[in-house]
Amino acid sequence: MAPVGVEKKLLLGPNGPAVAAAGDLTSEEEEGQSLWSSILSEVSTRARSKLPSGKNILVFGEDGSGKTTLMTKLQGAEHGKKGRGLEYLYLSVHDEDRDDHTRCNVWILDGDLYHKGLLKFAVSAESLRETLVIFVADMSRPWTIMESLQKWASVLREHIDKMKIPPEEMRDLERKFMKEFQDYIEPEEGCQGSPQRRGPLTSGSDEDSVALPLGDNVLTHNLGIPVLVVCTKCDAMSVLEKEHDYRDEHLDFIQAHLRRFCLQYGAALIYTSVKEEKNLDLLYKYIVHKTYGFHFTIPALVVEKDAVFIPAGWDNEKKIAILHENFTTVKPEDAYEDFIVKPPVRKLVHDKELAAEDEQVFLMKQQSLLAKQPATPTRTSESPARGPSGSPRTQGRGGPASVPSASPGTSVKKPDPNIKNNAASEGVLASFFNSLLSKKTGSPGSPSAGGVQSTAKKSGQKTVLSNVQEELDRMTRKPDSMVTNSSTENEA
């Protein structure tokens, strides 16, 4: 710092007063020293307070629980691609006060236990103290929650044991985590509303803080690292109430068991919903709070059943016992799987896939079936009746439906479908009528015509009667000579 004073002295000599007082030089040197000291202090403080790199988040959960979707949403991406084995992504962390950025590594283990050996690539003995663990539970399938949490907690415990961390170092991690758990203070009491969104925590002196004793079943499974239990798909609670008849008692029973599990591991509990974007920002803030020590001013939330938040260190058995007041058909000590029963699996009846048969083969089969069928009486009786209508003139008239238009002056009754056909009478009438058509004979007043009409009335076949009447009307319109010749032939 001496050269600074010398430089000032030389500058003051030629341009200012010729001689400077000794007292003035001393004060200027002190100001220069304090200026440099403040600059060096600020630089060193920034270096120490820079956001550390190498922080890790390890995520466990069943397949389909939504763990990848959850972390992708926290990352800020709309759609994430699900990987296989061990997925990797990162969370961007920004310190607004110091305008500093860093990335937090996120490792997502596959739901198949076959891939648990990949954990060695995500967390090592050196990086364990920089790791936060998230257990993801699927609230849309609450009957799998406790079994899943126990399974993944065992996998993590097994992996930590395989690291062969020195016992002294492991005990140091456990003591540090237990102290953080015991030193929890309500945000409204301890962190009086910092207006910043995030900021570094200022820890008080150890002399002022008095650690509260741990209760029963609290931190019985101390892993030495922070743990967070995240329940996803909490918007499915309404579906559980409608389809599975869940009541508030069921939801309180689930929450009570989750909170007891969290007490054993010193974990926090948070209900989320990516679909409704519920508690996602809260989850992000709590993660950076536990990982980087940022300010966190949100207290515990237990009012809304689908937006519960229990920070680590806040809960105890007395607070959990409040949920027991709503129990009517279940006891707090009842087994989880005895009350939250897995619904019976509905067997889906899949229609067998049938290959389309070749069209020609299908038609051949139908032809063979028709050939094997015996001829019915209806077919034999109908064939002669269609004989007269086969003539070009009668066929063109369209059958019985066109009779009224052929002879407007003739009133013919419609055939009665209730009268049974007389096969013998039809045959006689058809043959006689064919002979009349071939010879072009017949008279309206002849006995034969009268006989035909009387026979038609006796047989009750209105269709044949209408055809006869139609032909008689046609023949009456013939020339008189044709009528006279036909009458002579009939008499002969």
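Just so you know, glycine gets a Cβ as well, placed from its N, Cα and C.
Residues annotated as ATP binding site in Swiss-Prot, with sequence analysis given as evidence: Gly61, Glu62, Asp63, Gly64, Ser65, Gly66, Lys67, Thr68. Neighbour count (other Cβ atoms within 10 Å of the Cβ, all protein chains): 14 for Gly64 (ATP binding site).
For 188-207 (among others), the entry in Swiss-Prot reads region 'Disordered'.
According to Swiss-Prot, the phosphoserine annotation covers Ser194 (among others), on the basis of a large-scale study or a structure entry.
Per Swiss-Prot, the feature compositional bias 'Polar residues' maps to 370-383 (among others).
Annotated region 'Disordered' per Swiss-Prot: 370-423 (among others), in sequence order.
What Swiss-Prot lists as phosphoserine is Ser383 (among others).
The phosphoserine feature in Swiss-Prot is assigned to Ser391 (among others); the stated evidence is similarity to another entry.
Annotated omega-N-methylarginine per Swiss-Prot: Arg397, in sequence order, evidence recorded as a large-scale study or a structure entry.
What Swiss-Prot records for 437-469 (among others) is compositional bias 'Polar residues'.
Here Swiss-Prot flags 437-492 (among others) as region 'Disordered'.
The phosphothreonine annotation in Swiss-Prot covers Thr441, and the record cites similarity to another entry as its basis.
The phosphoserine annotation in Swiss-Prot covers Ser443 (among others).
Annotated phosphoserine per Swiss-Prot: Ser446 (among others), in sequence order, evidence recorded as a large-scale study or a structure entry.
Residues or ranges marked as compositional bias 'Basic and acidic residues' in Swiss-Prot: 471-480.
Sequence annotations record features per position, and here Swiss-Prot assigns compositional bias 'Polar residues' to 482-492 (among others).
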*Within 8 Å of the centroid of the Cβ atoms of Gly61, Glu62, Asp63, Gly64, Ser65, Gly66, Lys67, Thr68, which other residues of that chain place their own Cβ, given that this set defines the recorded ATP site?*
Gly111, Val136, Asp138, Thr232
*On a count of neighbouring CB atoms within 10 A, which of the binding-site residues Glu62, Asp63 is highest?*
Glu62
*For each of the binding-site residues (Ser65, Thr68), count the other CB atoms lying within 10 A of its CB, then report the residue with the highest count.*
Ser65
*Using Cβ-Cβ distances, find the residues under 8 Å from Lys67 (ATP binding site) that belong to the same chain and are at least 6 apart in sequence, listing them in sequence order.*
Val59, Phe60, Gly61, Ile108, Ile134, Val136, Thr232
